[in-house]
Amino acid sequence: MAAQSDKDVKYYTLEEIKKHNHSKSTWLILHHKVYDLTKFLEEHPGGEEVLREQAGGDATENFEDVGHSTDARELSKTFIIGELHPDDRSKLSKPMETLITTVDSNSSWWTNWVIPAISALIVALMYRLYMADD
């Protein structure tokens, strides 16, 4: 199968896609590709509502978070109707970057070993005192 050339690709603007956010016309964006899932709504294993919540917008992050199977990814290709216009790609909200925090190595040692050790010692002493009263 030959690769589709750029001139054969149908481009849609975000404004066009946003209009297709109801059960009679359900479009969404995955990785800058536009999908018409109207006929698939009732067949979707996760339910119609899942798709309708994302209709008219970018569902890439949610699609990836669910962890769809290879079969689902192959099936999705049959619903591609075009691509998001290159001028609108920068308008999509980008996922927030993960905040990475660093912990001082002494603090990590303290919280991982000393506090649990002291807690265990206190529990052992309380148990011993309780048993000694009997």
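These residue numbers are counts, starting from 1, taken along the chain as shown.
Note: Cβ is positioned from N, Cα and C throughout, glycine not excepted.
Here is what Swiss-Prot records for this protein:
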type	residues	note
MOD_RES	Ala2	N-acetylalanine
MOD_RES	Lys7	N6-acetyllysine
DOMAIN	9-85	domain 'Cytochrome b5 heme-binding'
MOD_RES	Lys10	N6-acetyllysine
MOD_RES	Lys19	N6-acetyllysine
BINDING	His44, His68	heme binding site
TRANSMEM	109-131	transmembrane segment
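Positions of the features from Swiss-Prot, shown on the structure.
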| residue | record | DSSP (3 states) |
| --- | --- | --- |
| Lys10 | N6-acetyllysine | coil |
| Lys19 | N6-acetyllysine | coil |
| His44 | heme binding site | coil |
| His68 | heme binding site | coil |
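A distance of 17 Å separates the Cα atom of Lys10 (N6-acetyllysine) from that of Lys19 (N6-acetyllysine). Each residue contributes its Cα atom, and for His44 (heme binding site) and Lys19 (N6-acetyllysine) those atoms are 21 Å apart. Counting other C-beta atoms within 10 Å of each candidate's C-beta, the recorded positions Lys10, Lys19, His68 are led by His68. The two recorded residues, Lys19 (N6-acetyllysine) and His68 (heme binding site), have Cα atoms 26 Å apart.
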